[in-house]
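Feature annotations, courtesy of TrEMBL:
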- 513-523: compositional bias 'Low complexity' (COMPBIAS)
- 533-543: compositional bias 'Polar residues' (COMPBIAS)
- 508-543: region 'Disordered' (REGION)
- 53-71: transmembrane segment (TRANSMEM)
- 122-144: transmembrane segment (TRANSMEM)
- 156-173: transmembrane segment (TRANSMEM)
- 179-200: transmembrane segment (TRANSMEM)
- 212-233: transmembrane segment (TRANSMEM)
- 291-317: transmembrane segment (TRANSMEM)
- 329-348: transmembrane segment (TRANSMEM)
- 424-443: transmembrane segment (TRANSMEM)
- 455-473: transmembrane segment (TRANSMEM)
- 479-498: transmembrane segment (TRANSMEM)
C-alpha cells in the first residue's frame, strides 16, 4: 500500500514536478550546496532515497499484516513506539522525509486501528494507536531547543506570536479547566506551529521538501481516494464494525452507498479536509500520476462535507490566477474533465440521492439544521466571546473538555472564528490573529515573487481554503492546522532558498575571479633602428 507512497521517489532534477525552472538544481551547483551546508546530489541519491522509504513502508506493511493475523492488541503497543522511533531517526537525518512520514502516520493510523479492533474481536474506545500521529508531530518541538535563536529573527516573528498566544491560552486553561484538559488541548493546537517552526529552521532542504511533499500528496490522493470509493460502494467489515461500535450516527448508515466516507481516516470531516489539501497540492505536479491522483475528487464528493467543497472552490482561485495563459487553460480543462467524469455518477440513484441532498441544503439554508445551530451559536456567544477579556482558556471546548474539572464547557464548538476569541480572550486572540495574518501576507508576497514555484502557489491556495473553513470549525488546530502551516510557509522558504542560492553563486563566482591569475597585457610593437631605417627608405622611394 505504501511501498510506492512517494515519500521519496527518485525523480531526475529536470523532470521533478513542481520545481521552479528558474531555481538551480542540486546537481548543477555542488559548490553552492556545499556552501549552504547541503550534501551533493550524488550522495543524496545514495543515502536519502533508500532508508527513508523502505523503513517506513516496511513498518506499515508489518503492522497491517499483524492486524490481519489477529494481533491487533500487540499493534497497539508496538505501532506507536515504532512510529516514534522512525520519526526520531528521520527528524535527525532526513528532515523532509520526517514531515512526509508524519503525514502518512496521520493518513493511515485510523484504518490500522479499525482493522486491529475488528480482528482482535472487540472495540477499544481508547486505542494507543491514535497517539502515534500526535507523538510524531510533537517531535518537531525539539527544534525550539536546538534552533531557539531563530525565534529572535524576523522570519520567525509570526510563529513567535502564535506560540505566545497558545502559551497564554494554556495558562488560562490550567486555572479554569485543569491541567489535564488544558495540556491535552495545547498539544493538539501547538504541534502545527511546531511543525511550521521546524520547517522554517530547515529551509536549506527546500528542494527535498518540494519533492517529498508533492509525492506524498500525490500518492496519498491515490491511496485514500481509491480506498474511499471502495468504502462507499462496498464498506469493508472492519469499517462497518467500527462505525456501529463507536456510535457515530453522523457518518451515515454502514451499507453500500449509505456512508459518508472516511477512507483511511477517523471520520468524514478530517478526510474531506485532507482530500482538499491533496487535490490542491497535486495541481503542482506533472505527468500521469497527477491524473491518477484526481480520484480524490469523487472521494471528496462522497464525504458530503460541504465546508470542504466550498474550501476547494476558494482554494482553486489563487493557483489558477497565478498561472500563465497556457497553463491556466490546461488546468481549467483538467478540472472540467474531472467534473465531466464525475457527472455520470450522479445518474446512479444511490449516488445522486446521497449527493444532491447535501447540495439542496446549500440552496435552502433556512431548512438546514446545522446552519440554524451555527446561527444560534453565533448570536448567543458573540457577546460572551467579545466581552470576556481574559478568555476561557484551553480545555473548555472540544474533546479536551471531557477532562475538564469544571462543568462550564462546550463539547462541540462548530465555529473556529468564535472559538479563538472565546478560548484565547483579547490578548491571546490579538497575538494569534496577528501571527496568522503575517504568515498569509508573507506567503502571498513570496508566491508572487516566484510564480513559477507551483507548489508554493498551491500552498497559498491551501492556506486560503483552510482559513475560510474556520467559519465551520477550528481548522488551524490538529492535522488540518499542520497542512495550513506547511502551505503558508512553502513559498516563503522557497523564496529564501532561491535568494540564498543566487547570493552563494555570486560569491563563488567572485571568489573564482579573485583567485584567477591576471590576464597578460597585449604586446606593444617595438621599432628598432633597422625598422626605422627601412621605413625611411620606403618613404624616400615613394617620394
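A Cβ is built for glycine as well, from the same backbone N, Cα and C atoms used for every other residue.
Long-range neighbours of the transmembrane segment (291-317) within the same chain, counting only residues 6 or more positions beyond its ends whose Cβ lies under 8 Å from a Cβ of the stretch, are 217-219, 221-222, 224-226, 228-229, 232, 252, 259-263, 268-269, 271-273, 275-276, 278-280, 282, 285, 334-335, 338, 341-342, 345, 351, 354-355, 358, 361-362, 461-462, 464-466, 468-469, 471-473. Where the transmembrane segment (479-498) meets the stretches 53-71, 179-200, 329-348, the count of C-beta pairs under 8 angstroms peaks at 179-200. Across the candidate stretches 122-144, 212-233, 329-348, 424-443, 455-473, the maximum count of CB pairs under 8 A to the transmembrane segment (156-173) is reached by 424-443. For the transmembrane segment (122-144), same-chain residues at least 6 beyond its ends with a Cβ under 8 Å from one of its own Cβ atoms are 75-77, 79-80, 83-84, 87-88, 91, 98, 101-102, 105-106, 109-110, 112-113, 116, 151, 187-188, 190-192, 194-195, 197-198, 201, 241-242, 245-246, 266, 479, 482. Panel annotation: around the transmembrane segment (179-200), residues 91, 95, 99, 102, 134, 137-138, 140-141, 143-144, 147, 150, 155-156, 159, 162-163, 166, 169-170, 173, 209, 393-405, 476-478, 481-482, 484-486, 488-489, 492-493 of the same chain, lying at least six beyond its termini, place a Cβ under 8 Å from a Cβ of the stretch. Taking Cβ pairs closer than 8 Å, the transmembrane segment (424-443) reaches residues 157-162, 164-166, 168-169, 172, 388-392, 456, 459-460, 463-464, 467, 476, 485, 487-492 in its own chain, all 6 or more past its ends.
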